[in-house]
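What follows is one structure encoded as structure tokens, with my remarks underneath.
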Amino acid sequence: MIVVDASALVAILAGEPEADAFIKLLVETPSLLSPLGFWETTVAARRVLGPDGQQSLLALMDALRIEITAAGGETARIAVEAETRFGKRTPARLNLGDCFAYALAKERNLPLLYKGDDFSRTDIEPALPV
């Protein structure tokens with residue numbers, strides 16, 4: 001099982017170079033998405049794909065069996081800690097959605113699937129080699 005960050009799903013929807021590798025992993029591996037990650041991905045999908053972005057995201061999540069999972073108090077606590085250690089004022093520059101993806105992965109002791117170099121500046125385990 002892995003946690004998925006919005007950046008990976010947006011890369012798939014936008015047909016970016018990493019999309020095939022991300023899809024291959026997600027087909028083979030059960031995956032979780034935080035509620036905030038779902039919100040962030042939906043907003044980005046609408047921006048990238050227009051009005052049909054949300055439907056495209058939902059179809060992708062259904063096809064890949066990506067589960068939106070609850071974020072509780074412990075997830076929130078870890079997200080606050082992540083913002084302190086890795087937020088916008090640090091080299092990692094994690095945003096709110098990133099902090100919740102990080103927190104969910106840490107809380108569940110799971111690797112994180114993401115695109116970009118922000119998470120590589122944290123102590124998170126990547127789902128794919130960086």
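Including glycine, each Cβ sits where the backbone N, Cα and C put it.
Helix first, then strand, then coil: DSSP counts for the domain 'PIN' (2-123) stand at 78 helix, 13 strand, 31 coil. The domain 'PIN' annotation in TrEMBL covers 2-123.
Residues or ranges marked as Mg(2+) binding site by TrEMBL: D5, D98. Long-range Cβ neighbours of D98 (Mg(2+) binding site) (same chain, at least 6 residues apart, Cβ-Cβ under 8 Å): D5, A82, F86, D118, F119.
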For this session: Restricting attention to the domain 'PIN' (2-123), give the mean pLDDT.
Result: 97
